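These features come from Swiss-Prot:
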- GLU273: active site, proton acceptor (ACT_SITE)
- LYS322: active site (ACT_SITE)
- CYS370: active site, nucleophile (ACT_SITE)
- 232-458: domain 'CN hydrolase' (DOMAIN)
- 17-37: transmembrane segment (TRANSMEM)
- 38-58: transmembrane segment (TRANSMEM)
- 84-104: transmembrane segment (TRANSMEM)
- 131-151: transmembrane segment (TRANSMEM)
- 163-183: transmembrane segment (TRANSMEM)
- 198-218: transmembrane segment (TRANSMEM)
- 474-494: transmembrane segment (TRANSMEM)
Amino acid sequence: MGNDRSLALVQGAVGGVLAGIGIAHGGLLWMAPALALLWSACRFPVAASLWGFVAVLLSHRWLLALHPLTWVGVPAPLSVPVAASIWLFCGAAAAVLVGLWAWLGTSIAHLATREAGIRAQLSHALLMASIWGLAEVLLAGSPLFWIGVGGSLLPGDRALAGLARWFGAGGLATLQLLIGWWLWRTALAWRRGVGWRRSLLVGLLCLLLAHGFGWSLLRSSDATAPISVAAWQPAIPTRSKFSEEQQRRLPEALQNALDRADDLDAAWLVAPEGLLPPDAVLLRPAPLPLLSGGFRWLRGQQRSALLVVDRGERQASAFIDKHRLVPLGEWLPALPGGVFRGLSAVGGLQPGAASRLLQWPGPTAAVAICYELSNGAALAQAVADGAQWLLAVANLDPYPLALQRQFIALAQLRSIETARDLLSVANTGPSALVLATGKQQQLLAPFTEGVGLADLHFHQGISGYTRWREAPLIGLMLFAVVGLGLSRVRSWLISLMLC
């Protein structure tokens, strides 16, 4: 028993390392063996917890770039402990969730699949995989989630990720859990020397068919002729963004970006999250429409928003407020005396409406402001309500390139889910165009200032995921429950007959 537990802990740790690499860099080659090790280790929930802890610590290690935090009022001696505590908290939260999932799986297995055949075991795997997939979707609507197993296929395996066109990120997570289960069961069959060749061949055939089906779903034929849209990447260091010098330079820099976009014959210019201060007024009338991140006041409450300045105007006339705020960074109320306002310069913001639909004089858009990109269901709802394209604005400074890679992976996933082009514009990057097929085109190099031009297509069709959302995944879970129930009844009847 002790050796078995030790082996499970090793499997959990190694699997967590592979999963962390897979989430950080994308690709089934990392995640599939990681999930196979999770299935093997989850007979001990503590080992499964270790898997989640290590996976998140590795994939979210960019959180340590929060240090130094002295610029938001954190005393210098506390800067490293605070940043490390946030990082460790995220790992601990993942450990609890994965541990609970493993405990639930072992409990269900004990009740329903003890001494059961392959059908019951497959039903159990379907149930646990679909529970994981639905859990990721639910967590994506909460403030404590960034990227999970569902987003780990990209950018490495766009063909298999094409299945998100029908099943979304939750479906991709479920599929990868099932691939991991297949690898684990095949490895067990190989150790016994019975049936492993058949298991391997059947699994590889299914995997090949899934890739082919996913690739076929990426085809898009309803795109309009492209429109040139400009993106401004100001590359302003966040830690000095609110200094007097930067605030003096910003209005003229923005005006210059508008002029450059106009010279490029762009239809409009997009600027990143948090650029404009409340009640901002342009130095001169805008030569073309401006969509820029910024702040605004509403009934004494400050909100982060995407602001729209029409051609010929100097102030915003339309907006959409940020709904999903960053924990500690944005929605932590100011403490007495203003000593600590949260881990950003704009602590104490209030959330806006949940809808991500922006209606303005241009083509209707589904908008994600930074952290909101992880919530695919909200963007799919906006597309169902009429959005023709997706817009993601962000400020990922001071975080390193690792976070930018994850941001683009999520952008690709959102484009595939909704069959819409996505324009990403961020302070230091990534500034890129992601086509409805999930293919990305970098507009500007990371951490450099510039104005890039994107040929944006608009789409009218509705994807399967936009139409059905999580209904297929819920149906799969119910199918698995029925399968387990029938296996239990069959086992009970056999026991009665033997008596």
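The backbone N, Cα and C atoms fix where each Cβ goes, glycine too.
The secondary structure of the residue listed as 'active site, nucleophile', as reduced to three states from DSSP, is helical. A strand conformation is recorded for the residue listed as 'active site, proton acceptor' in the three-state DSSP classification. The 10 Å shell around the Cβ of CYS370 (active site, nucleophile) contains 25 further Cβ atoms across the protein chains shown.
Through the fold, the transmembrane segment (163-183) approaches residues 28, 31-39, 125-126, 128-130, 132-134, 136-137, 140, 148-153, 199, 203, 207, 210, 213-214, 217-218, 376-377, 380, 413, 416-417, 419, 463-465, 468-470, 472-473, 476 of its own chain, all at least 6 residues removed from its boundaries and within a Cβ separation under 8 Å. Away from its own ends, the transmembrane segment (84-104) comes close to residues 38, 41-57, 60-61, 63-64, 66, 128, 131-132, 135, 139, 144, 328, 343 of its chain (Cβ-Cβ under 8 Å, at least six residues beyond either end). In this structure, the CA atom of the residue listed as 'active site' is 9 Å away from the CA atom of CYS370 (active site, nucleophile). Long-range Cβ contacts of GLU273 (active site, proton acceptor) within its own chain (separation 6+, distance under 8 Å): GLY293, SER304, ILE369, CYS370, VAL393, ALA394, ASN395, ALA426, ASN427.
Taken residue by residue with DSSP, LYS322 (active site) is part of neither helix nor strand, so it is coil. Counting Cβ atoms from all protein chains shown, LYS322 (active site) has 27 others lying within 10 Å of its own Cβ.
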